[in-house]
Every structure is written in C-alpha cells, then in structure tokens.
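K.L.:
In case it's useful when we look at the structure, here is the feature table from Swiss-Prot:
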DOMAIN    11-149  domain 'SprT-like'
BINDING   His70, His74  Zn(2+) binding site
ACT_SITE  Glu71  active site
Amino acid sequence: MKLPSDIELFELVDKLSLTYFNKHFIDKVYFNTRLRTTGGRYLPSKRVIELNPKYVLESNKEEFYGIIKHELCHYHLHIEGKGYKHGDRDFKELLKATGSPRHCSPLPSQQREYRYKYQCIQCGFVYKRVRKVNMRKYRCGKCRGSLKEI
C-alpha cells in the first residue's frame, strides 16, 4: 500500500468514521514520521490524530485501518465528553463494538534478530539472546538446569 496524500488520508478517516461510528470526522489527521513505537496517537488538546506512516508501508491494509479505528474511538469519546483513555470502560466497550484492536502488532522492521539461542537441558525452555552467554556461569531461571547452545 502506498502512502496516501493528506486529502486522501482525511477522506479515508472520514469514511471509516462514518462506517463504524455513524459520525463525520471534522478535525485534522496527518502522518507523523517521528512516531517510532506506536501506530498512532490522538492529541485531545489539539483534536488531532497523528498516524505512523511506517504502518502504511510495512503492514497490510487491515492493520492500518485498525489503527485508524482505534484512534477514532479516542476521538469520538473525547468529543462526547466520555472516558477516552485506555483504561476507561467506555473506551473498552467502543473498541469491542467497532472491532478495533487494543494494540497494534509490532513493525517487521522493529523486530529483533536474535543471534544466539540457548535451551535448558532439564526443562527444555528456549532463551533467545543478542549477546553470547557464559554457559558455565548462568543457568535456567525456571528450574536451575544447565544451558546448551542450539
């Protein structure tokens, strides 16, 4: 999926808002390239939705639409004066009613590559590590068994 323009993005958000919330989206939405660990955010003081452009480029359409629906839940509840934060009951109920995700999946480009894998000899638990582990010094945290490199 290619990155839509600001006008196309606004039209997409308004269309999803009408489809799932039966209300128009009348405020601003734009891409924020500085977002790194989140799919999007709603700024209540400015009534602005910011979206991470990496999710358009690296994930599928359903994942990106889910992020927009999640942020629209924050938006519409804030406009109505209801609880719009993650822990509020109104927010959780609206997420469930619209089929919006609670969290977005991690970006493929942000996932770690583990160079070393160790397995406990006794319980079989697998540890993934970026750095090498001294197997004589460290043991399994679950059963205290010794480790072997896979």
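Placement of Cβ uses the backbone N, Cα and C atoms for every residue, glycine included.
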K.L.:
Can you tell me how many other Cβ atoms are located within 10 Å of the Cβ belonging to the residue listed as 'active site'?
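P.N.:
Result for the residue listed as 'active site': 23 other Cβ atoms within 10 Å.
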K.L.:
For the domain 'SprT-like' (11-149), DSSP counts of helix, strand and coil?
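P.N.:
Its residues fall into 49 helix, 24 strand, 66 coil.
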K.L.:
I'd like to know the mean pLDDT over the domain 'SprT-like' (11-149).
P.N.:
93
K.L.:
Identify, in sequence order, the residues in the chain of His74 (Zn(2+) binding site) that are 6 or more apart from it along the sequence and have a CB within less than 8 Å of its CB; answer 'none' if there are none.
P.N.:
Tyr42, Pro44, Tyr84, Phe91
K.L.:
Please report the number of other Cβ atoms within 10 Å of the Cβ of His70 (Zn(2+) binding site).
P.N.:
25
